[in-house]
Amino acid sequence: MINTAISKFIKNFCKKYPFTGQIGFDVIVANDTVYIIECNPRATSGVHLLQEADLFEAFIGRQVQEDKLSDKASMIGLAMLLIGLPAAIAKNRFGQWCSDYSSARDVINMKSDKSFMFFKFISLAELLIIALRKKVSIRQASTMDIEWDGEEIK
């Protein structure tokens, strides 16, 4: 299903800016209103938002995956721990954070992936090193190589 408001926005954006290549937008549609929350200067799949399935089989074309979202809330668990938890504590919303964390599924962690915990800590160590070297927060370290914060496009 194509949302005409989203399609129109993307066409206008690409006409306004001299953009070439792939582009992806993260959007939220609520009450027939479209909110653009992020722009990615690369193609994105959103596959991590789908229910856990045999993705290898889907990618090689042997098994069709239904395009339906999980009924359960989704999160990136490591981000919830590193960014969401300190923010919740600072805003005196620890109870709400606990409820949200325990009721959501981690879109990065797959139960069948036994190496996940090891590589999660490798990734965390890398972010900590970047944050210390650049003297930025862990959140900033996690996105500084991929974000655009409104700087002039040349």
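Glycine too: its Cβ is placed from the backbone N, Cα and C atoms.
The domain 'Carbamoyl phosphate synthase ATP-binding' annotation in TrEMBL covers 36-43. Same-chain residues lying 6+ beyond the ends of the domain 'Carbamoyl phosphate synthase ATP-binding' (36-43) with a Cβ under 8 Å from its Cβ atoms: 9, 13, 19, 21-28, 146, 148.
Under the heading transmembrane segment, TrEMBL lists 75-95 (among others).
Residues of the same chain lying 6 or more positions beyond the ends of the transmembrane segment (115-132) and with a Cβ under 8 Å from any Cβ of it are 78, 82, 108-109, 138, 140-142, 144. According to TrEMBL, the feature transmembrane segment maps to 115-132 (among others).
Residue counts for the domain 'Carbamoyl phosphate synthase ATP-binding' (36-43) by DSSP state, with H, G and I taken as helix and E and B as strand, are 0 helix, 5 strand, 3 coil.
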